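What follows is a short report on a single structure.
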Amino acid sequence: MNPGEMRPSACLLLLAGLQLSILVPTEANDFSSFLSANASLAVVVDHEYMTVHGENILAHFEKILSDVIRENLRNGGINVKYFSWNAVRLKKDFLAAITVTDCENTWNFYKNTQETSILLIAITDSDCPRLPLNRALMVPIVENGDEFPQLILDAKVQQILNWKTAVVFVDQTILEENALLVKSIVHESITNHITPISLILYEINDSLRGQQKRVALRQALSQFAPKKHEEMRQQFLVISAFHEDIIEIAETLNMFHVGNQWMIFVLDMVARDFDAGTVTINLDEGANIAFALNETDPNCQDSLNCTISEISLALVNAISKITVEEESIYGEISDEEWEAIRFTKQEKQAEILEYMKEFLKTNAKCSSCARWRVETAITWGKSQENRKFRSTPQRDAKNRNFEFINIGYWTPVLGFVCQELAFPHIEHHFRNITMDILTVHNPPWQILTKNSNGVIVEHKGIVMEIVKELSRALNFSYYLHEASAWKEEDSLSTSAGGNESDELVGSMTFRIPYRVVEMVQGNQFFIAAVAATVEDPDQKPFNYTQPISVQKYSFITRKPDEVSRIYLFTAPFTVETWFCLMGIILLTAPTLYAINRLAPLKEMRIVGLSTVKSCFWYIFGALLQQGGMYLPTADSGRLVVGFWWIVVIVLVTTYCGNLVAFLTFPKFQPGVDYLNQLEDHKDIVQYGLRNGTFFERYVQSTTREDFKHYLERAKIYGSAQEEDIEAVKRGERINIDWRINLQLIVQRHFEREKECHFALGRESFVDEQIAMIVPAQSAYLHLVNRHIKSMFRMGFIERWHQMNLPSAGKCNGKSAQRQVTNHKVNMDDMQGCFLVLLLGFTLALLIVCGEFWYRRFRASRKRRQFTN
């Protein structure tokens, strides 16, 4: 590089460093640059480890490392210190440390280096949990053929197999040769966040051949086969030479579905000739299956010295690259700027680790003799994916529902190097593919809005909201196909030749359009987004999902007339109470008269209460809370009057309270609350039933006689004219339909006439389950059902019902209660009051007439006496 030039990366690094130095206060970087000081490296070879292996590893290491540094370190320098005691405590001046010791000491040394921020490069035994990949480099010495324990251990540590339970099928020979295999599978660690795993181990007798082998495998697999209509989510690990037989038998037992995961290790003797497409040719889409293929070079010669040489070369190469980078940047900036932006110790260690991994990926030979490549199947939605959006519209694979991708590989030095999940569908479901979905216009379940070209531009409704949530939860987009417009020659027009004003209010789901049934049988659609009544599911050429709604039937009649309020003033008391009240008045007046007359002292006798008539008017006036001019002076009389006042208080309070209640809550004539009451209402002469209802089918198998009697007399209607809602308003007809449809009728009439003319029965009967439709061959029925249940638990579906289905409206009980709260007294309420006043005037007139007659009678009698 010329002095006047600067690399773009160096410029960006300079600007970023200057910005950080100005805006963010940082701690001083006290670790020396490679330009001013050599890198410090510690080499620790455990003495006990050398004793166990019977060779002087430290001496070999010293010679190999010095040769590598001398021959390959072109820039910078490295100061190396050697130790033979694994408990040594290194100072923070060291940049990195290379250790050769057993697994336990390796982990102990790693914990110590974290305190002093030293990069650890560990060479250790196999079957050792891998150190954190972003903080250290661990190279287990794996013998050829003994890699299974380390491989499984790495799969758990790196979350390749993040399982909590596993069913393991392993050959007896492999289990004997790898004694630590089971220990690796069940390994758990709090440090590495490895959860414990429940293990079911089945040891395959690999000496069996032919039919005996297949019978034994079938017996073992059948224990984990799903029962009918049962969803089981299990994980299977297969390490066997008989993997093809296991796949074939498991397929016949329906064990390859969206809930199960299969990791199959293909052994070295067959891996080179292995074809995943051939093995899975009979599997249906929806399976989660991955293969680990053995690509170990049988001629590779691995040794500890060779591994030490490769690790040393990778480290020296990394330090040399970083030194070159520092030189290129330092030459273009000032010393102050350099101090602000140069690498910290942790940044250097991270760069060294990445450079070493990149070097080992491309140049490692002996430390990567063992190598396994992992392939996984992409299967979900392959047959229902929209052809316009397919990445490969024409699939030439042996199984068109399977596409195998290479997700990465495993080596002892790097562990798993993966660019994709082992089971991508478990985490990402349909991986954002575009699915074909079938639907029809059927408000309020599916509401489709189309433009002038007939293309669906908006969709809503209960079913469509569920589809949208499924799309979000299962990670797919979708393309809607309307069944009536799928084939032009068979297109169905929903409006041609029809009168919109004669259409029935509401919707039904019992009759599924024939085109929907025909199109869904080809398994080309992920789901038919239509609301369909669940009926005889075992006899249909398709499957129903979990019910998304339950609709009940009811009936609509004329609202009962309100009872006349002309006698409202008598309503608070029963007839018996009124007669009893009259009786106690007639009884109390003579009692008061007698008590007053029997007073022993003449001065205690009240002149105004000396007749029964005057006592009666006194008692009557007290009842009306008017009082009187006279009051008994004797204690006996006062007791009678006092207790009568108590009776009056109770009577008046009770009467007034009940009168308010009767004013507030009107009474109605008896209506039809239950279907079995129809016989008592002779004025209802017409029975109606909507065409195409599940109620018709249900009555054929029910034992309720009132249902059967109704159906015998019912007139099936299919239009608004035949529905004859005016006859219902007149009280001559009753109709049966979904309760929500009847509520919609009541609501529309109320909005138009501002008055409630109809009443719905209190009885709701015949639960009609409504679900969506999936193809009979669909692998995703249980998956869809699981998410529908989740929507129910979260309240989504209930909310969508409230948004799209008609509410009870202003004629229901709650709305009537609101009307009662704001009730104003009108003439209907007060007519009884005026009737009482009229009755009083009439009685007064009659009494006046009687008094005139009596006066004339007395006058004539006196004249006769005078004449005589």
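Just so you know, glycine gets a Cβ as well, placed from its N, Cα and C.
The signal peptide annotation in Swiss-Prot covers 1-28, and the record cites sequence analysis as its basis.
Over the topological domain 'Extracellular' (29-565), the average per-residue pLDDT in this prediction is 86. Residues annotated as topological domain 'Extracellular' in Swiss-Prot, with a curator's inference given as evidence: 29-565 (among others).
Long-range Cβ neighbours of N38 (N-linked glycosylation site) (same chain, at least 6 residues apart, Cβ-Cβ under 8 Å): G76, G77, I78, N79. According to DSSP, N38 (N-linked glycosylation site) sits in a coil region rather than a helix or strand. Summarising the annotation, Swiss-Prot assigns N-linked glycosylation site to N38 (among others) and lists sequence analysis as the type of evidence.
What Swiss-Prot lists as N-linked glycosylation site is N205 (among others). Listed in sequence order, the residues of the same chain lying 6 or more apart from N205 (N-linked glycosylation site) and placing their CB within less than 8 Å of its CB are Q172, A216.
Of all the Cβ atoms in the protein chains shown, 21 others lie within 10 Å of the Cβ of N294 (N-linked glycosylation site). The N-linked glycosylation site annotation in Swiss-Prot covers N294 (among others).
The feature N-linked glycosylation site is assigned by Swiss-Prot to N305 (among others). Long-range Cβ proximity for N305 (N-linked glycosylation site), meaning a same-chain Cβ under 8 A and a gap of 6 or more residues, is found for H60, I64.
DSSP assigns N432 (N-linked glycosylation site) to coil, not to a helix or a strand. Of all Cβ atoms in the shown protein chains, 12 besides its own fall within 10 Å of the Cβ of N432 (N-linked glycosylation site). The N-linked glycosylation site annotation in Swiss-Prot covers N432 (among others).
Secondary structure at N475 (N-linked glycosylation site), taken from DSSP and collapsed to helix, strand or coil, is coil. The N-linked glycosylation site annotation in Swiss-Prot covers N475 (among others).
Feature annotation from Swiss-Prot assigns N-linked glycosylation site to N499 (among others).
The feature N-linked glycosylation site is assigned by Swiss-Prot to N543 (among others). Cβ neighbours of N543 (N-linked glycosylation site) (same chain, under 8 Å, six or more residues apart in sequence): P537, I773, V774, P775, A776, S778, L781.
Feature annotation from Swiss-Prot assigns transmembrane segment to 566-586 (among others); the stated evidence is sequence analysis. Tertiary neighbourhood of the transmembrane segment (566-586): same-chain residues 616, 619-620, 623, 647, 651, 654-655, 657-659, 661-663, 667, 829, 831-833, 835-836, selected by CB-CB distance under 8 Å and a gap of 6+ residues from either end.
Annotated topological domain 'Cytoplasmic' per Swiss-Prot: 587-642 (among others), in sequence order.
The transmembrane segment annotation in Swiss-Prot covers 643-663 (among others), and the record cites sequence analysis as its basis.
Residues or ranges marked as topological domain 'Extracellular' by Swiss-Prot on the basis of a curator's inference: 664-832 (among others).
The N-linked glycosylation site annotation in Swiss-Prot covers N691 (among others) and is backed by sequence analysis. Just so you know, the Cβ of N691 (N-linked glycosylation site) picks up 15 other Cβ atoms within 10 Å once every protein chain is counted.
The transmembrane segment annotation in Swiss-Prot covers 833-853 (among others).
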Top Cα neighbour of N432 (N-linked glycosylation site) in the set of glycosylation sites N294, N475, N691: N475
Residues that sit under 8 angstroms from N475 (N-linked glycosylation site) by C-beta distance, when 6+ apart in the chain: H428, H429, F430, R431, N432
Mapped DSSP class for N543 (N-linked glycosylation site), helix or strand or coil: strand
Pairwise Cα distance for N294 (N-linked glycosylation site)/N691 (N-linked glycosylation site) [Å, integer]: 66
For the topological domain 'Cytoplasmic' (854-868), the number of residues DSSP places in helix, strand and coil: 14 helix, 0 strand, 1 coil
